[in-house]
Amino acid sequence: MFKNPAELADRVLAGTPVTPDEALDLLRTDDPGMLDLVAAAARLRREHFGMTVKVNYLVNLKSGLCAEDCGYCSQRLNAGTDILKYSWLSPEQAVEQAEYGIKGGASRVCLVASGRGPSNREVGNVTRTVEALKEQHPDVEVCACLGLLKDGQAESLSSAGVNAYNHNLNTAESHYESICSTHTYQDRVDTVERAKDAGLSPCSGLIVGMRETDEQLVEAVFALRDLGSDSVPVNFLMPFEGTPLAGTWQLSPQKCLKILAVVRFVCPDKEIRMAGGREMHLRSLQPLALHVVNSLFLGDYLTSEGQAAEADLAMIADAGFTVLGAGPDPSRDRHAGPADVQGSGAEQGAGERTTTPCGSVCGSAAGSSSGDGSAPDGGRAPADVSRSGPAEAVGSSPEDGSRNAGGPARTRSAAASSAPTGAGMSPALAALLGSDDGPEQDEDDTRVRVELSPTVRRRGAGTSVAPNA
């Protein structure tokens, strides 16, 4: 046991790793001790990464129509979610989207596709995209996230210039059957190992807030350490309407900070990324989280909106950090004053622009079998993307793309009542949601819980509207 986080940080810096019991104690730090925990984790962050922040940018190559049954995912085929659905972007379309993030300061582009895993033909489409991107931007890192890999596919990606492969474990092995029944935890581990064997940098992380216990969260973090993940994205569950986990709210900004700090203590020298859901769950504590993490995604996510890129860059600069590979001011000439930054301040704190970890941004293997939803020629995305619900012009104006898709705030009871009760849900997840076996809540926790609907992405890839990068 340890007396305080600072002493434990001293020990970690001296080369002695934390134990699971110590990590559990850190996770259960009371709120008055939270700043001491963050300060100790910040020492570990600065030791290995200084005051830099790595900026990553997502390009959603194929959206929705996924046959896997991951309980958190808005891209599952039978989810009643109102997301964009489209087939594979062409290499030219994908490079065009990547350009937005690169101009915004991203040093890594993440190419993501929904689906259980790619066919060899689809891997060929991705390699052509990577080659085209690297021809124009040879120094930009490329991370692929395509689901479960077959023999030889990781080698093909590596030969084309892919630097890293993302496939999240998402949760603890002891909790996995409660989240998904169409593939196993070991399937995910095997894909990460295939990527490593091919020389790709392994990227694997978590989705927190899926009714896991504190013990299971610690179990998952240590599994990521043992897996040897170079990059650990931490997603915060966004309970999309129409998914089995709709109405699941167990995170507060303070709890999110504690989770990030625990990941830093367990993986002190790894890239830790605050990923999907940070805007909704960390809210006004995002700048403080930068003292623990050293990486984030810029702009929108796969199926939902993120904080405006200008607000992200201003947040990084205001907190005293610099974007990795950029000058001293990461937002450069784009760094407007507070009144000029769109989507920042109280608007962001209110959760109006929110995100969800869904589909493959989480490194998910969730998705349709190879080829589901693909265009006949295997390459071109249709001009008009489809979406569930009534037909509506997508991208008629930037305002339409950023404001009209989200819907008003929901109370906890309303959100919970809208959750599915069986259809398309694994038996283990149905049992968990119908039981009292979820994480215990503090009886004295009187904080106001903010619960808002995610805002569905209507811009960027698959639309005619520019992204918010």
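Backbone N, Cα and C define each Cβ position, glycine as well.
Note that this is a predicted model, so its numbers are computed, not measured.
The [2Fe-2S] cluster site recorded in Swiss-Prot comprises C110, C143, R273 together with one of C66, C203, namely C203. Distance between Cα atoms for C73 ([4Fe-4S] cluster binding site) and C110 ([2Fe-2S] cluster binding site): 18 Å, as a whole number. Of all the Cβ atoms in the protein chains shown, 26 others lie within 10 Å of the Cβ of C110 ([2Fe-2S] cluster binding site).
The local packing around R273 ([2Fe-2S] cluster binding site), expressed as other Cβ atoms within 10 Å of its Cβ over all shown chains, amounts to 25. Recorded residues C66 ([4Fe-4S] cluster binding site) and R273 ([2Fe-2S] cluster binding site) have their alpha carbons 25 Å apart, per Cα-Cα distance. Of the chain residues outside the [2Fe-2S] cluster site list C110, C143, C203, R273, N56, R108, C145, A164, N166, S231, P233 have their Cβ within 8 Å of the site's Cβ mean position.
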